[in-house]
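Following: one structure in structure tokens, then a few remarks.
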């Protein structure tokens with residue numbers, strides 16, 4: 001936990017004197033190259049901007065799946081697990097920060113390369129690609145579903161724009177996503193510094209709070225009316241299968257907290273890099289508070305009828321005054337939130353793809369052609385995936401959750417157990433073994449449960 005033992009060269013301070021500070025080990029970091037005219041006036045990111053950027057990285061689509069974890073675990077264990085996962089996330093990030101400073105690594109990939117060579121770095125980059133592409137495709141699919149509607153099992157669920165204006169060509173899925181991509185995603189993705197997204201990140205967090213406030217208000221109104229039943233406080237399991245099903249929530253919780261791939265980028269842009277641990281703790285405290293309240297009031301509101309994506313519960317009549325208006329407020333605020341989360345998740349995706357394809361090239365921010373090529377190519381892939389692979393959600397559960405636990409738990413634990421510099425403690429090693437066992441076991445159980453449910457579903461009509 002020696003956060004104070006920072007590398008001796010103070011790279012953050014010279015920013016104010018506008019000197020060029022170049023780290024040969026970090027060819028992808030934009031803020032170390034002050035000779036680029038676009039960065040001359042950048043004196044380092046603020047603490048609040050860093051907190052909002054990291055919070056936006058954390059709070060994405062995962063927030064909508066958390067109330068369903070209450071349905072599986074019950075209210076009390078569910079809240080305990082959300083808080084426990086926040087502490088485990090903070091511990092794993094602290095290990096990354098500590099080993100990065102000892103090894104003088106300025107990126108997650110660089111740290112993996114220091115511990116396990118180029119193949120370790122490549123494995124991390126591939127996991128980030130799998131996780132982030134899956135996440136962004138799901139974001140865009142949800143945006144299309146909410147705004148333009150979707151058809152499931154022969155039933156059409158009208159989108160917000162359809163409800164407001166009726167069915168037209170301009171509020172169809174393809175056109176809405178095209179306008180969103182060109183008008184929102186592309187401009188925000190062109191920003192070369194992650195700190196440039198601090199204002200959109202703050203707005204994104206505010207929109208998540210809007211969703212929370214509306215949910216709390218609806219729940220309190222229905223509690224006063226006496227139309228809410230007492231929720232289950234403890235899990236309901238009666239055999240081995242139902243017991244193993246409890247562990248399926250772990251990948252969901254890990255995915256909800258995954259932010260490790262952006263920690264180094266945010267630290268490198270901080271005016272004082274020593275603040276990074278306080279930034280992480282503040283962001284996790286903010287996000288875990290939002291998660292606990294969303295899960296608590298979402299489960300109170302819908303009970304055992306809570307769906308895997310609680311947003312789908314707001315597609316029906318809530319049985320309260322102005323229910324339709326509140327439904328639209330919840331859905332529109334959530335869509336706007338996802339639009340603003342997109343560039344924060346896209347930033348490390350582009351950075352890691354560049355590192356994988358062009359490991360020896362000059363910094364990406366200094367090569368406009370490469371920057372434009374990678375940005376436009378990735379956005380096009382995500383756009384096509386959202387339009388032509390609308391059933392990506394199941395694939396995301398397998399690939400995204402598996403990649404997420406590697407990024408969040410397995411890789412930090414492996415770096416610590418490798419311990420090239422002899423700085424890990426016995427407590428660190430015990431914690432790392434626990435994280436690896438929890439991550440591997442939970443993912444195996446989740447994959448088994450999903451596969452078993454799928455097989456059972458496909459075989460039932462023939463019985």
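Glycine is treated like the rest: Cβ placed from N, Cα and C.
A quick note: this is a predicted structure, and the numbers were derived from the prediction, not measured.
The annotation region 'Disordered' is assigned in TrEMBL to 1-36.
Taken from TrEMBL, the feature domain 'Amino acid transporter transmembrane' covers 45-449.
Summarising the annotation, TrEMBL assigns transmembrane segment to 50-69 (among others).
The transmembrane segment annotation in TrEMBL covers 75-97 (among others).
According to TrEMBL, the transmembrane segment annotation covers 122-143 (among others).
Sequence annotations record features per position, and here TrEMBL assigns transmembrane segment to 174-191 (among others).
Sequence annotations record features per position, and here TrEMBL assigns transmembrane segment to 203-224 (among others).
As annotated by TrEMBL, transmembrane segment applies to 244-263 (among others).
Annotation source TrEMBL lists transmembrane segment at 283-302 (among others).
Look at TrEMBL and you will find 332-350 (among others) tagged as transmembrane segment.
Beyond the ends of the transmembrane segment (371-389), by six or more residues, the same chain brings 133, 136-137, 140-141, 143-144, 173-174, 177-178, 181, 185-186, 189-190, 192, 346, 349-350, 353-354, 357, 364-365, 395 to within a C-beta distance below 8 angstroms of the stretch. Per TrEMBL, transmembrane segment is recorded for 371-389 (among others).
Taken from TrEMBL, the feature transmembrane segment covers 395-418 (among others).
Among the features that TrEMBL reports, transmembrane segment is placed at 430-455 (among others).
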Long-range CB partners for the transmembrane segment (283-302) (under 8 A, at least six residues beyond its ends), listed in sequence order, are 51, 54-55, 58-59, 63, 66-67, 69-71, 75, 78-79, 82-83, 86, 89-90, 205, 208-209, 211-212, 215-216, 218-219, 222-223, 228, 231, 256-257, 259, 310, 313
Cβ contacts under 8 Å made by the transmembrane segment (203-224) with residues that lie 6+ beyond its boundaries: 52, 55-56, 59, 63, 286, 290, 293-294, 297-298, 300-301, 318-320, 326, 329-330, 333-334, 336-337, 340-341, 344
